[in-house]
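Asker: Let me give you the structure first, and then I'll get to my questions.
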Amino acid sequence: MKSISQCLGNVSLWIEQQTHDMFYWVGLKIADYPKWTLFITTIWALLMAGGVVRFKEVNNVRDHFSATNSPSRYEYRVAREFFQELGSPFHVVVAMQAADGGSLLRPKYIDKALEIEDFLQYKLKGSFGNQSYSYSDFCGTQCETSDAVSIFLSMFRDQQIKKTAHVKLTYPSMDVFGHRVYLANNIFQVKINNRSSIIEESKLVAINFHAIYNNETMYEIMKEWEQKLFAYTLSTENDPLIRVYVTSEGLVSEEVRRTGILAMPLMGVTFLIILAFTILTTLKRDPVKSKPFEAFLGVICPILSLCASFGHLFWMGFEYLPIVTVVPFLILSIGVDDVFIFIHAWHRTPYKHSVRDRMAETLADAGPSISITSLTNLLSFAIGIFTPTPAIYTFCVFISTAVIYDYIYQIFFFSAVLVLSGEREEQRKNAYLWWKDVPLPEEPTGKQKKETIVSRVLGKVLDFWVDFIMAKWSKFLIGAIMITYWIFMARGVMEIAVGLSSEKLFLDDSPLLPLVRLQTNVIFKEGGQVAVFVNNPGNMSEPDAVPEIMRILRRFEVANNSVGAASTHMWLLPYLPYVGEQEHGSIEFKYRYLPEFFKLTEFRRWSHFVNLGNHQDCLSEKPSCLQKFVFSTGFHDAVSWSDRLALLENWREMASEYQHLNLTIYEDFSMYSDQLLTIVPVTQSTVFCALICMIMILTLFTPSPVTIVTSTAAVLSINLGVFGCLVYMNIDLDPISMTTLLMAIGFSVDFVAHITWHYYKGDFHSKRARIRHALAGIAWPMFQAGTSTMLAITVLALVHAYMVQVFVKVVVLVIFLGMFHGLVVLPIVFSALPFTKTSGPQKKKVAPLQMHEAGPIPKKEEPKVIKVNGEEDEEDEKTTKEEPVEKSVRSAERA
């Protein structure tokens, strides 16, 4: 075990030395050509930004939020292919509800409802070109699908007025002159007579407007009519009688897009807030060392990386999704974090060194730290690229590319800015009025004395902080807090709900929300339809063919939560009696009557349930006449997604028993139910892979067993808190929250890696000195970074939408937990555990000419072992060992 630890330590030392030397060399090169570096990086960003000419926004909830390997996606494709010969489907749902919440079957409400239905069918028109079109103009063979409501309301009104009883308006289906009309898909919140099942009240009525389009012109006509319908429903908001609601796949996509559009202008507000914060927290009293302009360019740096990364992806043909809207906010916060670390490292370099040396030393100091955090962020997001959900894939591609560009621009663009800033410092130019010279002070001034007092106060605060960390009672206090925290978070993880509903994609004031909530609370409970596609019917003339189909139908009619035969739509039920009429009593299946049957007005609606081949094949009684067909039956009392998934799996299992018929089931909302199949295992595997990658990085850069175990435990603890808090913040596990969890993993490692790296690399024999050195070196930049990130993200709290609020809540949470673990928990744990580090010789500053011209770095000495508070110490005892400690602390305080 000791040899493995020693080997890891040697590997880490070699990586540390090579990384240090590489960044030192890069710093020298940038210092040699700062203006060329700025020019090249800026031009590249502008060239890539030209990719906006290929910008294409897409937004389809079904396509982008369902996994590519989910059963529902295949089932949807089968359904689309079935209707493809007719054209592409267009579907809008309109619901009517009494303004006072009462029954719609009261006389004046029925009149109003019929008036609305007639208006929507014939009088509401959308314009295209020089013509206007109503629904009746483009519905074609689908017009009858919206007739059930008008038939029911008209007959109910006539029955109330004339007191006739020749038609019984029963529920869930009624018989109209020999034709059964199923009402449970249109009439909801029904009160019936317990004896006769006759409908007495109904508080909600839904009308389904179906149509088929075959070309882009027809699609545009329907979309225009849909927008007119949407505008009309908004106008009924204050109607004294009836409130009208509408939803459709197209309107849902538009609402999701509206969320993104509303968030984008806030990017400007975020930029100004971050700019002000960055400038104010990097100002110094010394007008030469202060860096307001550099801070401004530091905030511009992530903007350039966004232009370059987004443009690059647009050039490559990637499409933009609304969920990508939050990427600029995240990259701005990540990029500004690196600016604080860079400026902090610059101020720690000796002022008397040349600009060239200072840049090399700055990059050698800050480069590895920034590399670790950038690598962890990149890996946590890049792993999401392999998830099967397109929305997560697209989000992760955009943010991963942006992280790479941000890292490159921080290393090159901002380093070049610091070089020019250093040249200004050398020339003693004013940071605010850079054309003015600032004379050297001849003697200490009052302000400088005051600055020394401030430094002393900060030093005392740091000492108090370290005293708290080193105290025994603090370990018991934090231990009790952490145990309580883990218990509550573990409980939250066990209770987290899974699933995405369409209402989570809307703004809180979306006009679609009322109907979506009615669907969830009322329609899902009272009615739904499952369609069964028979893709390979075979020879229906065989004696066992039709009986087998009817047995399958019966199995679905009596399955769990099924309504029964009253809800069934099966074309064979009217067709077989028709064949009997033609055959004078025999009802054996015949193909030759199919074309004639579907042309008859009373049976025309059944033509949508079959795919016929060549008509001549039908006349010749060939099985190729009937290529496919579909039937459907109703179900109810399936409100939760877990209940609906149980039904789906039961139906799929039944369908799988008939491989020779190639049965496929389809239900409109199966994409949401199927997320329970994929989101949990995908989240588990993705998070597991991300955590393994984080642990490998921490092991590579800080190979001490103490730092490996503690930092890994800290990352796990932070993420346990993030996962556990989801249930307390009313957030479910869905594709949206999954992307934020990937982000949380990367962010959590940032805080842990910074403090662990500074603790590990410190060459001190005292735990107190090592912890003090780590906190003095990174606490303030960590605070700046965390605060700036929260400022960047909390602006989005103005957007009242679940899709955006999830990011805000999780980012604020992970920053709070990360800072608490990084600045309090880990230092206390470090103070309680022994620490052993394989250490090479103290790094010697290499002269620029040696690094740049003389070739390789001088050979390192043999590694030594430093044991903090141990019994042995293989390094020579130094009587002046506290001197470097105090020197480091004073340097950190000056920064």
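Keep in mind that glycine also has a Cβ here, set from the backbone N, Cα and C atoms.
What you see is a predicted model, and the numbers here were worked out from it, not measured in a lab.
Grabbed the feature section from Swiss-Prot, which reads as follows:
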CARBOHYD  Asn10  N-linked glycosylation site
CARBOHYD  Asn130  N-linked glycosylation site
CARBOHYD  Asn194  N-linked glycosylation site
CARBOHYD  Asn215  N-linked glycosylation site
TRANSMEM  260-280  transmembrane segment
DOMAIN    263-420  domain 'SSD'
TRANSMEM  296-316  transmembrane segment
TRANSMEM  323-343  transmembrane segment
TRANSMEM  366-388  transmembrane segment
TRANSMEM  402-422  transmembrane segment
TRANSMEM  476-496  transmembrane segment
CARBOHYD  Asn539  N-linked glycosylation site
CARBOHYD  Asn560  N-linked glycosylation site
CARBOHYD  Asn662  N-linked glycosylation site
TRANSMEM  688-708  transmembrane segment
TRANSMEM  709-729  transmembrane segment
TRANSMEM  735-755  transmembrane segment
TRANSMEM  788-808  transmembrane segment
TRANSMEM  810-830  transmembrane segment
REGION    838-895  region 'Disordered'
COMPBIAS  878-895  compositional bias 'Basic and acidic residues'
Asker: Among the recorded stretches 476-496, 735-755, 788-808, which has the greatest number of Cβ pairs closer than 8 Å to the transmembrane segment (688-708)?
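Answerer: Ranked by Cβ pairs under 8 Å, first place goes to 735-755.
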Asker: Examine the transmembrane segment (366-388) against the transmembrane segment (735-755) and state whether at least 3 Cβ pairs sit under 8 A, considering only residue pairs 6 or more apart.
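Answerer: Between the transmembrane segment (366-388) and the transmembrane segment (735-755), contact is present.
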Asker: Are there any residues at least 6 positions away along the chain from Asn539 (N-linked glycosylation site) with a Cβ closer than 8 Å to its Cβ? List them or say none.
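Answerer: Counting only residues 6 or more apart in sequence, the Cβ neighbours of Asn539 (N-linked glycosylation site) under 8 Å are Ala545, Pro623.
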Asker: Which of the glycosylation sites Asn130, Asn215, Asn560, Asn662 has its Cα closest in space to the Cα of Asn10 (N-linked glycosylation site)?
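Answerer: Comparing Cα positions, the closest of these glycosylation sites turns out to be Asn662.
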Asker: Quick check for the class: what is the C-alpha distance, in angstrom and rounded, between Asn662 (N-linked glycosylation site) and Asn130 (N-linked glycosylation site)?
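Answerer: So the Cα of Asn130 (N-linked glycosylation site) lies 47 Å away from that of Asn662 (N-linked glycosylation site).
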Asker: Under 8 Å Cβ to Cβ from Asn560 (N-linked glycosylation site), same chain, six or more residues apart: give me those in sequence order, or none if nothing qualifies.
Answerer: Ala646, Leu647, Asn650
Asker: What's the CA-CA gap between Asn215 (N-linked glycosylation site) and Asn194 (N-linked glycosylation site) in angstrom, rounded?
Answerer: 50
Asker: Among Asn130, Asn215, Asn662, the glycosylation sites in question, whose Cβ has the most other Cβ atoms within 10 Å in this structure?
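Answerer: Per the Cβ count, the most surrounded site is Asn662.
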Asker: If you count other C-beta atoms within 10 angstroms, which of the glycosylation sites Asn10, Asn194 is the most crowded?
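Answerer: Sorting the candidates by Cβ neighbours within 10 Å, the top entry is Asn10.
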Asker: Which whole-number mean pLDDT does the model give the domain 'SSD' (263-420)?
Answerer: 89
Asker: Counting only residues 6 or more past its boundaries, what in the same chain has a CB within less than 8 Å of a CB in the transmembrane segment (788-808)?
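Answerer: Same-chain contacts beyond the flanks: 256, 259, 262-263, 266, 269-270, 273-274, 277-278, 322-323, 325-326, 329-330, 332-334, 336-337, 340, 503-509, 731, 736-737, 740, 743, 747, 815.
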Asker: Below 8 Å between Cβ atoms, which of the listed ranges 296-316, 402-422, 709-729, 735-755, 810-830 makes the most pairs with the transmembrane segment (476-496)?
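Answerer: Comparing 296-316, 402-422, 709-729, 735-755, 810-830 against the transmembrane segment (476-496), the winner is 709-729.
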